[in-house]
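Asks: The structure that follows is given in the form of structure tokens.
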């Protein structure tokens, strides 16, 4: 059936609006550091049929989410900016990896394969936290690129980003834009005594006396400590830490930058709490 003039106008307006959204996303500061082509070469298999997150983590969602955090990927020299973005993408790749030792294109080409934790061991409810009380029947397992976990993180992220993280935690694995925003929120936000991952990667982190006593020094390893140090740091040769490092090495090569020093947290004491 032929479209009427008014129907055609609506269709064209909607089409042009969608195109404009993509154009707006690509004008974010981070798009000058990582193009869609580079993004796709990093995440070769994120849309593989075997990945539960197939078609969920889009480039446009990533770049549009980054507009809410304009300092991400835009602070410091071009090398610093590239290294920060590479580090962020490496960490979320480990958190969502679907790779294995003999995987096609190697184990570090399968980031962003999952959007929520598989077989969680608990409901991640810290009942002692009165600021962000758990909502009955809800679980706060890992979701999204950073695998946001625990009621206190869902509550704080939701308040910062404008959604009810305690009553509706599932939105982090159902809405791609919000999913990326939670990961960037965690990356950019200082949660004392933890510094922000952002400040560590751009060279603005200043070690406290407690950090020095705990052997915590600036570098990618400290970022791992911020994200999941309570489970992974202070353990020489930990396979999870090594996985994070190998992702970072691959991505740094693709960005044509060096990784910087202190890649692991094998001899760092942790901050205890996790993402």
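Backbone N, Cα and C atoms are what each Cβ position is placed from, and that goes for glycine too.
What TrEMBL lists as active site, proton donor is 95. Annotated disulfide bond per TrEMBL: 51-113, 125-134, 233-265, in sequence order. The domain 'Glycoside hydrolase family 19 catalytic' feature in TrEMBL is assigned to 178-188. Residues or ranges marked as signal peptide by TrEMBL: 1-25.
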Asks: Most Cβ neighbours within 10 Å: which of the disulfide-bonded residues 51, 125, 134, 233, 265 is it?
Replies: 265
Asks: With every protein chain in view, what's the tally of Cβ atoms within 10 Å of the Cβ of residue 95 (active site, proton donor), excluding that atom itself?
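Replies: Here the count is 24.
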Asks: Express the distance between the Cα positions of residue 125 (disulfide bond) and residue 265 (disulfide bond) as a whole number of Å.
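Replies: It is 27 Å, counting Cα to Cα.
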Asks: Which residues in the same chain, at least 6 apart in sequence, have a Cβ under 8 Å from the Cβ of residue 113 (disulfide bond)?
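Replies: Sequence-distant Cβ neighbours: 45, 46, 48, 50, 51, 52, 53, 96, 97, 98, 99.
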Asks: Whole-number Å only: compute the distance from the Cα of residue 134 (disulfide bond) to the Cα of the residue listed as 'active site, proton donor'.
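Replies: Counting only the Cα atoms, the answer is 23 Å.
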Asks: Roughly how many Å separate the Cα of residue 95 (active site, proton donor) from that of residue 233 (disulfide bond), to the nearest whole number?
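Replies: Their Cα atoms are separated by 15 Å.
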Asks: Per DSSP, what is the residue tally for the domain 'Glycoside hydrolase family 19 catalytic' (178-188) in helix, strand and coil?
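Replies: Summed by class, the stretch gives 11 helix, 0 strand, 0 coil.
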